[in-house]
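Below you'll find the structure, written out as structure tokens, and then a few comments.
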Amino acid sequence: MSDNQSWNSSGSEEDPETESGPPVERCGVLSKWTNYIHGWQDRWVVLKNNTLSYYKSEDETEYGCRGSICLSKAVITPHDFDECRFDISVNDSVWYLRAQDPEHRQQWVDAIEQHKTESGYGSESSLRRHGSMVSLVSGASGYSATSTSSFKKGHSLREKLAEMETFRDILCRQVDTLQKYFDVCADAVSKDELQRDKVVEDDEDDFPTTRSDGDFLHNTNGNKEKLFPHVTPKGINGIDFKGEAITFKATTAGILATLSHCIELMVKREESWQKRHDREVEKRRRVEEAYKNVMEELKKKPRFGGPDYEEGPNSLINEEEFFDAVEAALDRQDKIEEQSQSEKVRLHWPTSLPSGDTFSSVGTHRFVQKPYSRSSSMSSIDLVSASDDVHRFSSQVEEMVQNHMNYSLQDVGGDANWQLVVEEGEMKVYRREVEENGIVLDPLKATHAVKGVTGHEVCNYFWNVDVRNDWETTIENFHVVETLADNAIIVYQTHKRVWPASQRDVLYLSAIRKIPALTENDPETWIVCNFSVDHDSAPLNNRCVRAKINIAMICQTLVSPPEGDQEISRDNILCKITYVANVNPGGWAPASVLRAVAKREYPKFLKRFTSYVQEKTAGKPILF
């Protein structure tokens with residue numbers, strides 16, 4: 001036992017010269033991909049004790065980490081295209097990280113690899129430490145571990161080992177007996193030699209016998225046996241050498257037989273273990289094959305939420321999967337909106353309208369409407385003319401309004417190449433396919449006719465930001481950046497993210513105008529013109545792709561005379577709507593996806609918005 005302990009102790013010692021120092025700890029700010037809504041966010045990352053942890057900021061480290069992963073079996077993969085990005089994956093968990101520049105990325109990757117190497121999966125010193133622990137355990141447990149595991153079902157082998165212990169004791173006793181015999185013999189020989197030497201010295205003075213050749217010869221032959229009688233060692237006469245020999249032969253034969261039996265048992269055990277090993281190998285082969293098939297299937301499907309599958313120049317998602325993902329996200333938004341609308345209807349309580357004059361607010365501008373009579377006309381509405389409001393974008397607004405009035409109201413026939421994509425009742429949606437540098441710039445034109453509302457009412461609800469969230473379901477948030485005039489504002493708005501497409505934002509000037517009629521037969525016309533501008537208060541940001549728009553909502557009111565002397569009611573009015581949209585979405589969304597989404601969403605928008613205006617104006621005085 002002492003030998004085993006000493007061997008284990010020596011084997012567990014490590015060479016201090018080859019033992020490397022602990023890996024260096026590291027901390028700093030990295031951009032981490034949080035989710036498809038918020039995208040990349042700066043996080044305080046700490047690399048310590050083979051663990052990578054991240055916090056929301058350096059000041060919040062005392063509140064605990066937001067997440068951590070062990071680097072023992074982590075796979076670090078620098079990105080192929082993004083020189084600042086690297087991914088860390090452990091089983092199904094993947095962290096997407098970005099450094100400030102390629103140099104910082106390499107420093108982080110090297111530090112993480114060093115921690116991973118020293119974690120026990122790849123370090124020679126770690127392998128030595130693990131081996132030493134195994135040897136200590138095996139040396140300390142001895143036969144007890146063997147008897148409780150490998151020999152749990154092999155009692156015959158243990159019995160044979162006990163027999164060999166008995167044979168060893170017999171052989172040891174025989175060796176002790178022989179050793180005693182040899183020791184006594186050695187003592188007897190030593191005493192005999194001393195006695196012989198003494199007798200020879202006493203007889204040196206005796207006369208020698210004279211031979212015929214004159215030489216002298218001592219007469220010792222006749223007295224030799226008398227002088228040196230045969231000495232027999234005392235105390236060994238009781239040894240039965242023949243019996244000991246028989247016992248020795250039987251003992252060795254028993255040892256050989258027992259060893260043979262032990263070998264036979266071990267061979268049988270080895271065959272049993274070999275069969276179990278073969279079965280486990282076959283199971284492992286089947287599992288690995290199934291795992292390989294699953295991984296191949298997973299490679300075919302996008303990892304939802306990962307930055308590699310979002311919109312971008314190096315996106316791994318194909319157009320079909322891109323469209324499926326966008327369509328699924330839009331369906332979810334529609335369901336949420338339906339639930340929200342049903343909840344609003346359930347909680348809605350009608351409010352009474354005050355009698356007398358009705359006031360309608362358009363921004364901060366006020367219109368006063370008197371009850372309409374046959375003697376009155378549309379020009380009886382007191383309106384501050386839009387041309388009286390002058391601001392730094394006035395010339396651009398005038399140009400945009402004139403262009404839309406000249407071109408947007410033209411017929412879709414001729415050489416314009418307008419394609420009818422949707423037709424539902426009075427609503428028709430046309431499109432012209434235009435691409436520039438791979439970006440879809442399809443102009444869209446829709447015509448619609450809505451009963452019971454005026455063009456002024458439709459444009460009022462379309463322009464007024466106070467009611468924007470009541471009918472617009474695609475906006476995440478918005479705010480008025482600057483009020484240029486009573487009828488012109490600059491608005492910044494961000495649209496809801498539809499994964500895997502990038503989030504879009506828009507900065508645009510919105511102006512509402514009444515277009516004077518050139519003749520008595522011309523219908524009353526209102527227009528809302530929205531077009532992109534630049535403003536210092538809303539610069540570009542990395543979270544959103546800035547879209548460029550040029551949109552016009554042109555509404556003409558047609559009145560059919562009532563019968564007799566009756567006043568005009570909503571049954572006598574019809575609003576003819578022309579909606580024109582020129583949108584540059586930017587980014588890298590596939591053209592087929594953008595066209596499919598536009599074909600789906602624009603008709604839904606017109607129906608939803610016009611239904612909202614009809615609902616809000618029902619039962620209210622007409623606003624011409």
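From the backbone N, Cα and C atoms, a Cβ is placed for every residue, glycine too.
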Position flagged as phosphoserine [Swiss-Prot], chosen from S31, S135, S385, S502: S135
Phosphoserine per Swiss-Prot (candidates: S89, S93, S132, S532): S132
For the domain 'PH' (23-117), the number of residues DSSP places in helix, strand and coil: 22 helix, 45 strand, 28 coil
DSSP-derived helix, strand and coil totals, residue by residue, for the motif 'FFAT' (321-327): 7 helix, 0 strand, 0 coil
N530 (N-acylsphing-4-enine binding site), number of other Cβ atoms within 10 Å: 19
